[in-house]
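Student: According to Swiss-Prot, the topological domain 'Cytoplasmic' annotation covers 1-16, 58-69, 307-318, 393-412, 507-514, on the basis of sequence analysis. According to Swiss-Prot, the transmembrane segment annotation covers 17-36, 40-57, 70-92, 284-306, 319-341, 370-392, 413-435, 484-506. According to Swiss-Prot, the feature topological domain 'Periplasmic' maps to 93-283, 342-369, 436-483, an assignment based on sequence analysis. The domain 'ABC transmembrane type-1' annotation in Swiss-Prot covers 281-505.
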Amino acid sequence: MDVIKKKHWWQSDQLKWSVIGLLGLLVGYLVVLMYVQGEYLFAIMTLILSSAGLYIFANRKTYAWRYVYPGLAGMGLFVLFPLVCTIAIAFTNYSSTNQLTFERAQQVLMDRSYQAGKTYNFGLYPAGDEWQLALTDGETGKHYLSGAFSFGGEQKLQLKETDALPGGERANLRIITQNRLALNQITAVLPDESKVVMSSLRQFSGTRPLYTLADDGLLTNNQSGVKYRPNNDSGYYQSINADGSWGDEKLSPGYTVTIGAKNFTRVFTDEGIQKPFFAIFVWTVVFSVLTVVLTVAVGMVLACLVQWEALKGKAIYRVLLILPYAVPSFISILIFKGLFNQSFGEINMMLSALFGIKPAWFSDPNTARAMVIIVNTWLGYPYMMILCMGLLKAIPDDLYEASAMDGAGPFQNFFKITLPLLIKPLTPLMIASFAFNFNNFVLIQLLTNGGPDRLGTTTPAGYTDLLVSYTYRIAFEGGGGQDFGLAAAIATLIFLLVGALAIVNLKATRMKFD
């Protein structure tokens, strides 16, 4: 007789579908909310990932995908989505001056005002737990007084003409300063229906909107009479001449527009960007190659030494040599920054005492680059040493015994047996190390911050900058504003370069070993 296993309440289909339905409603609400806020990419990403997840976990036929989905979702969320966003930004003028939408930039301009009409001296007088606002016309000497009010939010105060000011003690400057934000939200309406607002800590003035918006989108400056029209090529309201051509004046803030491949064109045509870009690209490749070669060479030699049978105290040497790998890299980098200090660093003190020289590690381009490679070799060799120590165990001792019978020495054994047998399994890891060092932002940012700086460039660039740190400086340290669009274009080029170099390296090594 078959035994029917009773399900617990938390295993019931009704509960499962109820939870899935609630999650679906929640996701739908979030997607609509993102769409309404204009976050279209986030809305699409949330819709795709959540829909796929609900389908996989609700359908028994996709049971095997439940183990793969978290990894795929993580890759999509943290790798593919940022990549798509970066590429999308690269085709816009998104920057510190062009962050807003057209509607928001237009509203900011329409909210601006200028001082027009009379200026009145004002005072605050206590009225129990509330206050009264008093205005005095400096030309006629007339006084105007409001009813009692409390601070908080936007409000209009109707003022009436009065013969004398209240007899209480007038609020001092400290009280006015403390309530300045609340006073800025007050509009005082005079008996003739004219309106004045706070213009300084002691005065209220009449104001008018600085710009008037026409039905055709034309913006007119009410002070100067200059007319502006939105220029969707540059993302600014730009002045227009009498003949309808564009003038030189642009109104800030601008708005974000799609500009096509202009950012990519700037990289290759603007000499202020082109020269440092290609120079930095060459240095980035050289830095990555030298780092891989030196870390592998040092790590392999040290691995062979600590595996030497005749060496005593091998365990102690292994621990000491692995220490640079155990210490967090950012701590080691900052320590080396102090050691290489040109005036007080221990390295220059030793070089001065022994050889009478004090290299300019941070101001000379060549010595700065040498310092970067030295520090990165120190940080990277323990990883390669650990890999080589494991791979050396796989080399049969018979090969070394046979070479000893032929009279081969240690150097011949290393170059004829050890090196060829280690290089093949190390190749994929060397390619990964090359890709990592191609984007080694932390080292450059903490050690040299890209310096020494290059002269004659339109973007901030230094002699030790890698492409990734150069991109960061364009995005966040630009003197003329943070140019996120240009930085995204360079980041896209870096992605394509690293991908192309990795493919070329993999194909080259495959052809070599086949």
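In case you wondered, yes, glycine gets a Cβ from its N, Cα and C as well.
Give me the local environment of each listed feature.
Tutor: Here the transmembrane segment (17-36) has Cβ contacts under 8 Å with residues 42-43, 46-47, 50-51, 54, 57-58 of the same chain, all six or more residues outside its ends.
Here the topological domain 'Cytoplasmic' (58-69) returns a mean pLDDT of 90 for the predicted model.
Within its own chain, the transmembrane segment (70-92) has Cβ neighbours under 8 Å at 41, 45, 48-49, 52-53, 256-261, 263-264, 484-485, 488-489, 491-492, 495, counting only residues six or more beyond its boundaries.
Mapped onto DSSP helix, strand and coil, the topological domain 'Cytoplasmic' (307-318) counts 5 helix, 0 strand, 7 coil.
Listed by sequence, the residues of this chain that lie at least six past the ends of the transmembrane segment (319-341) yet keep a Cβ under 8 A from its Cβ atoms are 302, 306, 347-348, 361-362, 371, 375, 378-379, 381-383, 385-386, 442-443, 446-447.
With a cut-off of 8 Å between Cβ atoms, the residues of this chain six or more beyond the topological domain 'Periplasmic' (342-369) that come close are 283, 287, 448, 451-452, 463-464.
Long-range contacts of the topological domain 'Cytoplasmic' (393-412) within its own chain (CB-CB distance under 8 A, at least 6 residues past either end) are made by residues 418, 421.
Residues 288-289, 291-292, 295-296, 300, 304, 380, 383-384, 387-388, 391-392, 394-395, 399-400, 403, 498, 501-502, 505-506, 509, 513 of the same chain lie 6 or more positions beyond the ends of the transmembrane segment (413-435) yet place their CB under 8 Å from a CB of it.
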Student: Same chain only, please: residues at least 6 beyond the ends of the topological domain 'Cytoplasmic' (307-318) with a C-beta under 8 Å from a C-beta of the stretch. Say none if there are none.
Tutor: 389, 392
